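Student: Have a look at the structure that comes next, please.
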Protein chains: 4
Amino acid sequence: MMKRIAVFTSGGDAPGMNACIRAVVRTAVYHGIEVYGIMRGYSGMIKGEFVKLDSASVANTIQKGGTILKSARSQKFLTKEGRQEAFDQLVNHGIDGLVAIGGNGTFTGATIFEQEFGIPTVGAPGTIDNDLYGTDYTIGYDTAVNTALEAIDKIRDTADSHDRCFFVEVMGRDSGYIAIPCAIGGGAEIVMIPETQMSTEAVIANLKTSWERSKTSFLVVIAEGEEEGNVHAVAQQVKAAIPQLDTRVTIIGHIQRGGSPSASDRMLASQIGIAAVEGLMNGMRNVMAGIVDRKLVYTPFADTIHKKKMINQSFMRMVEILSV
Amino acid sequence: MMKRIAVFTSGGDAPGMNACIRAVVRTAVYHGIEVYGIMRGYSGMIKGEFVKLDSASVANTIQKGGTILKSARSQKFLTKEGRQEAFDQLVNHGIDGLVAIGGNGTFTGATIFEQEFGIPTVGAPGTIDNDLYGTDYTIGYDTAVNTALEAIDKIRDTADSHDRCFFVEVMGRDSGYIAIPCAIGGGAEIVMIPETQMSTEAVIANLKTSWERSKTSFLVVIAEGEEEGNVHAVAQQVKAAIPQLDTRVTIIGHIQRGGSPSASDRMLASQIGIAAVEGLMNGMRNVMAGIVDRKLVYTPFADTIHKKKMINQSFMRMVEILSV
Amino acid sequence: MMKRIAVFTSGGDAPGMNACIRAVVRTAVYHGIEVYGIMRGYSGMIKGEFVKLDSASVANTIQKGGTILKSARSQKFLTKEGRQEAFDQLVNHGIDGLVAIGGNGTFTGATIFEQEFGIPTVGAPGTIDNDLYGTDYTIGYDTAVNTALEAIDKIRDTADSHDRCFFVEVMGRDSGYIAIPCAIGGGAEIVMIPETQMSTEAVIANLKTSWERSKTSFLVVIAEGEEEGNVHAVAQQVKAAIPQLDTRVTIIGHIQRGGSPSASDRMLASQIGIAAVEGLMNGMRNVMAGIVDRKLVYTPFADTIHKKKMINQSFMRMVEILSV
Amino acid sequence: MMKRIAVFTSGGDAPGMNACIRAVVRTAVYHGIEVYGIMRGYSGMIKGEFVKLDSASVANTIQKGGTILKSARSQKFLTKEGRQEAFDQLVNHGIDGLVAIGGNGTFTGATIFEQEFGIPTVGAPGTIDNDLYGTDYTIGYDTAVNTALEAIDKIRDTADSHDRCFFVEVMGRDSGYIAIPCAIGGGAEIVMIPETQMSTEAVIANLKTSWERSKTSFLVVIAEGEEEGNVHAVAQQVKAAIPQLDTRVTIIGHIQRGGSPSASDRMLASQIGIAAVEGLMNGMRNVMAGIVDRKLVYTPFADTIHKKKMINQSFMRMVEILSV
């Protein structure tokens with residue numbers, strides 16, 4: 001039986017992480033379980049940065065962006081020695097189980113840790129990328145999409161005023177989950193995502209056709225990683241091929257990670273936070289709590305890590321029809 | 001085979017209606033079908049307020065609140081004579097099929113109309129209330145919830161600053177679909193919805209207990225109809241029972257119907273708009289296009305009208321756990 | 001010379017109060033002065049609710065609505081005994097001077113207190129109402145206007161979609177400072193403010209003329225107090241006189257007090273917070289720091305209390321011209 | 001006497017341009033003057049892209065970003081032949097006077113045009129940069145600052161969660177008007193603006209000191225031009241000097257030009273639009289309407305072009321005090 005658990009956030013921060021922490025804490029309190037927060041993920045676990053939490057600790061946090069427990073990368077947790085230190089800290093603090101809010105990097109660490117030391121972890125999918133198998137949506141995804149889309153709406157104002165072609169980069173190194181609703185919701189002519197590998201030649205051909213039909217302002221949405229995109233390269237090639245186009249580049253960037261979570265992210269984070277604690281209470285370990293088709297499911301970390309969540313192919317057809 | 005269709009909005013307006021109109025128009029254009037907009041719903045159908053639409057007509061509308069086709073109630077369409085006039089107008093304009101964006105009132109009219117005159121209609125669920133069987137979410141619901149929740153976040157600021165108890169009324173005469181995420185996402189202590197009929201006595205008892213545990217600011221979310229709520233009555237009874245509480249009432253009101261649609265409403269409206277036109281092309285009639293468990297489904301109007309979409313009972317337990 | 005000061009918020013809360021508290025604290029730290037926060041205004045002063053603050057205490061607060069020091073009304077401070085207790089608390093905590101963030105009620109209390117006990121106070125104009133002589137704008141005013149205007153934009157969506165006449169009540173019991181920019185910025189046909197006392201008959205006449213020119217949706221903005229308006233009465237009289245109008249009422253309400261402060265409120269609050277502390281350091285007392293024509297001025301409390309800041313009469317003409 | 005005037009927008013678009021166009025149109029209608037819109041600035045003037053406008057043409061535009069009259073650069077207007085063609089078009093359309101919404105490039109063109117052909121122009125300051133002599137604020141400035149600040153608030157969330165140092169570029173090639181309130185309102189540690197030419201060495205020294213005082217997340221705001229900034233260069237030099245800092249770069253970019261105008265921009269744009277038309281009616285020419293210390297003033301184009309509006313130096317001291 002669980003007497004004392006700990007919760008931490010790891011990996012890139014996402015809106016709704018605080019709502020999830022709050023749900024974990026209050027569910028623990030509700031069930032008479034003590035709960036600690038671990039600062040800065042595995043790094044703080046090793047260093048012993050533990051904070052006792054109660055119901056009041058998480059008051060007025062559900063609407064806050066970022067994570068009050070902070071997040072950090074830990075090289076040391078990749079080593080056996082580091083994990084031993086982390087385990088010692090957990091034992092010292094009397095922790096029986098963990099709730100890990102993060103993505104596959106976080107869950108991989110938790111899996112190894114459980115194999116070595118037997119500490120059970122239930123995961124919560126906290127990442128704006130939405131590319132986690134085992135849940136329809138990840139915590140933070142809906143907010144990130146809305147943030148990017150609001151930025152795109154503003155860009156559309158200026159694109160239309162100046163008859164320009166804007167190339168807008170949104171986050172998504174490995175998937176088009178953010179780019180697709182941004183493109184459809186932003187009224188984009190074209191979307192470039194990792195899954196389809198549209199060539200720049202195809203982009204040029206499409207824009208040329210539209211230009212000849214006397215369309216004058218354009219929006220191309222491109223999914224890229226956090227650090228650096230090739231959006232500039234695409235824009236330059238297009239400009240070279242269609243010199244009369246007045247091209248501009250905007251990278252939405254890190255604002256996609258921040259901001260107050262949307263209603264739907266607060267709901268999701270709350271549901272999953274409750275489910276994570278009650279999962280631990282029911283003896284679960286090495287699983288992630290998620291919502292699939294509006295039902296709560298627990299998916300083994302092995303599956304969230306190795307199975308791929310496929311993007312709905314019909315969305316590409318939507319972009320084509322809607323930009324007619 | 002469809003050669004010319006018409007689209008209209010009817011009933012209360014909802015954010016995303018324009019995104020749906022846009023998708024209907026562009027899908028028709030994509031498939032080589034002519035498309036008209038009918039102004040002011042059945043009222044404009046009777047009066048012959050038809051407007052030819054093409055791809056450019058709906059440019060730059062996806063982000064707009066309200067409905068560019070306007071909406072109105074029609075007493076005359078409730079009479080046989082009125083429907084005869086409407087039919088004559090459709091014949092005069094050579095309309096083969098209709099896309100009706102609205103709720104059950106709209107679909108009831110379409111059903112009778114089809115029985116009398118044989119004009120096929122496919123419906124799109126456009127209402128902020130989300131109480132339509134045959135789709136997980138209605139167009140406008142996600143935006144309305146986010147609008148109400150942003151208002152509640154602001155009210156929370158002032159409630160906390162003054163140690164007050166706020167009674168906040170959100171829309172939902174017949175269901176708690178809007179109230180539930182507002183309560184959970186807004187960190188409310190209590191939610192009163194039609195489905196559960198919590199008594200004011202229970203509210204008072206709950207607040208008394210919290211007050212004695214020295215909680216000092218409170219939020220009670222109440223679902224009510226558009227015109228007038230009993231939120232004032234509840235607040236007065238609570239004040240009479242716990243005089244030391246500093247109570248205030250806020251009715252979120254009509255702002256819930258307006259505003260730019262959220263990403264998720266734009267996606268939903270676009271998917272359904274495409275599906276409505278392609279449904280008509282495939283010979284469907286008297287059905288509503290919806291998304292259930294992320295899959296497109298067509299539900300007979302008879303079912304959307306007579307079957308009840310039940311709210312997830314686990315949500316009530318969430319409010320209890322999270323306000324611990 | 002000031003060694004230790006205290007800051008408190010009093011009266012209705014306003015966005016930007018935290019930005020002002022932050023500026024007070026950091027300016028004190030910058031100048032080597034100790035600083036305390038007093039919780040709940042004069043009430044907390046009497047009860048001894050003092051909290052030591054440093055630079056880190058106010059980190060991450062500039063963007064927050066409400067007031068972290070909370071606000072409350074104090075009957076006891078209206079009595080000599082209450083003020084004696086407050087003075088004793090200040091002496092016990094070694095406080096040499098006060099920064100009071102609030103409105104005229106707050107400054108009146110500070111004036112009497114200074115006369116009786118000699119404790120110097122410099123005031124900061126913290127109120128959404130903007131009706132304080134001695135500053136062009138009060139802290140919170142710009143945010144409140146933008147909040148109300150965003151709500152009105154949403155109402156306009158639904159008013160236009162349904163050809164309705166909306167009566168919208170915004171805050172302002174004694175002045176039209178909030179109503180005027182809401183009316184002009186919201187494209188209202190009519191604005192009713194305390195300063196002009198437009199009769200309901202005039203409203204009816206205006207709407208009748210517009211209706212006959214076949215305008216179909218209308219917006220009437222009405223300034224009223226926090227608790228209850230006569231917006232319903234006006235709407236009923238209009239409906240009685242022009243039955244074909246589809247009228248609706250919305251009270252924007254308490255959301256106007258909350259929310260993250262606008263850029264301009266953060267700037268103003270920061271400037272005034274710095275000026276308040278430096279005013280105390282320079283021996284000022286019984287004055288309010290304000291910005292008039294972009295210059296810092298200190299105005300005696302006697303003037304802020306007794307002089308009236310007149311609204312620019314040309315604004316009424318603007319409403320008339322712009323709704324042509 | 002003016003019988004027919006025309007209005008156009010030129011240069012970079014700015015939020016509130018539509019509110020200004022609307023005010024120009026309705027003021028003309030109010031005074032019985034006919035009014036045309038010219039599409040795409042001087043380019044459309046030469047090509048004869050004139051549109052007759054009335055009160056209804058500008059309904060529902062006050063809240064819209066961008067410019068409904070579009071904007072473009074015109075090489076041809078820089079030539080005598082181009083200006084001759086523009087004049088011929090004005091004569092053909094019977095235009096007696098012009099309202100030009102834009103910045104100094106626009107006003108320079110208008111001045112030459114008036115000298116050559118005698119057509120009077122009154123200007124309206126429409127630019128987000130706020131660097132125009134003759135008005136305290138330009139149309140679009142307040143909105144652009146709020147847009148950038150909202151983005152910075154989101155970045156602060158993720159900076160704090162990861163203990164990072166963010167370098168954020170906002171617009172302002174020649175001045176720090178946008179950067180200053182973003183830095184103060186965003187709680188930045190450092191602001192780099194053209195007016196002060198702070199060296200990267202000074203930035204490094206400042207960050208080193210803060211780091212040693214164990215501050216862990218930082219925000220540096222940098223003003224730069226639209227096209228390309230040196231924000232990446234600054235970030236790289238800082239990273240080289242303080243390798244333990246986790247640095248990130250974000251360029252807010254073109255979103256600063258878009259979006260619905262703030263209340264204060266709608267007021268300003270409306271006041272100036274009215275003043276521009278009434279200025280023309282009163283025989284003014286080659287002047288810009290502006291608001292200085294809340295009073296309407298007309299400033300000769302020669303002064304707006306050649307005099308420099310100085311930034312308030314006390315703002316730099318504010319950044320220093322507030323980041324203590």
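Including glycine, each Cβ sits where the backbone N, Cα and C put it.
Sharing the feature lines straight out of TrEMBL:
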- A:Asp129: active site, proton acceptor (ACT_SITE)
- A:Gly12, A:Arg73, A:Ser74, A:Gly103, A:Asn104, A:Gly105, A:Thr106: ATP binding site (BINDING)
- A:Arg22, A:Ala23, A:Val24, A:Val25, A:Arg26, A:Arg156, A:Gly187, A:Ala188, A:Glu189, A:Arg213, A:Lys215, A:Thr216, A:Ser217: ADP binding site (BINDING)
- A:Asn104: Mg(2+) binding site (BINDING)
- A:Thr127, A:Ile128, A:Asp129, A:Arg164, A:Met171, A:Gly172, A:Arg173, A:Glu224, A:Arg248, A:His254, A:Ile255, A:Gln256, A:Arg257: substrate binding site (BINDING)
- A:4-279: domain 'Phosphofructokinase' (DOMAIN)
Student: List nothing but the one residue from A:Arg73, A:Arg173, A:Lys215 whose Cβ has the fewest other Cβ atoms within 10 Å; the candidates are the binding-site residues.
Tutor: A:Arg173
Student: Distance between A:Thr106 (ATP binding site) and A:Ile255 (substrate binding site) at the Cα atoms, whole Å?
Tutor: 23
Student: Return only the integer: C-alpha distance in Å from A:Gly187 (ADP binding site) to A:Arg73 (ATP binding site).
Tutor: 37
Student: Taking A:Asn104 (ATP binding site) as the reference, which of A:Val24, A:Met171, A:Arg173 (the binding-site residues) have a CA within 10 A of its CA?
Tutor: none
Student: If you measure from the CA of A:Gly103 (ATP binding site) out to 10 Å, which binding-site residues from the list A:Val24, A:Thr127, A:Ile255 are inside that radius?
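Tutor: Correct set: A:Thr127.
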Student: Hey, what's the Cβ neighbour count for A:Ser74 (ATP binding site) at 10 Å?
Tutor: 20
Student: Return one of helix, strand or coil for A:Arg248 (substrate binding site), based on DSSP.
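Tutor: The residue in question, A:Arg248 (substrate binding site), is strand (DSSP, three-state).
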Student: Which number gives the other C-beta atoms within 10 angstroms of the C-beta of A:Ile255 (substrate binding site), all protein chains shown included?
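Tutor: For A:Ile255 (substrate binding site), the count of other Cβ atoms within 10 Å is 24.
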Student: How many whole Å apart are the CA atoms of A:Arg22 (ADP binding site) and A:Thr127 (substrate binding site)?
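Tutor: Checking the Cα atoms of A:Arg22 (ADP binding site) and A:Thr127 (substrate binding site) gives a distance of 17 Å.
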Student: Expressed to the nearest Å, what is the distance separating A:Ser74 (ATP binding site) and A:Lys215 (ADP binding site) at their Cα atoms?
Tutor: 50
Student: Over the domain 'Phosphofructokinase' (A:4-279), what is the model's average pLDDT?
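Tutor: Value for the domain 'Phosphofructokinase' (A:4-279), mean pLDDT as a whole number: 95.
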Student: If you measure A:Val24 (ADP binding site) to A:Met171 (substrate binding site) at Cα, how many Å is it?
Tutor: 28
Student: List only the single closest residue to A:Thr127 (substrate binding site), chosen from the binding-site residues A:Gly12, A:Arg26, A:Glu189, A:Lys215, A:Ser217 by CA-CA distance.
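Tutor: For A:Thr127 (substrate binding site), the spatially nearest of the binding-site residues is A:Gly12.
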Student: If you count Cβ atoms within 10 Å of the Cβ of A:Gly105 (ATP binding site), leaving out that atom itself, what do you get?
Tutor: 16
Student: Which one is it: of the binding-site residues A:Arg22, A:Arg26, A:Arg248, A:Arg257, which Cβ has the fewest other Cβ atoms within 10 Å in this structure?
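Tutor: Per-residue Cβ counts within 10 Å for the binding-site residues A:Arg22, A:Arg26, A:Arg248, A:Arg257 bottom out at A:Arg248.
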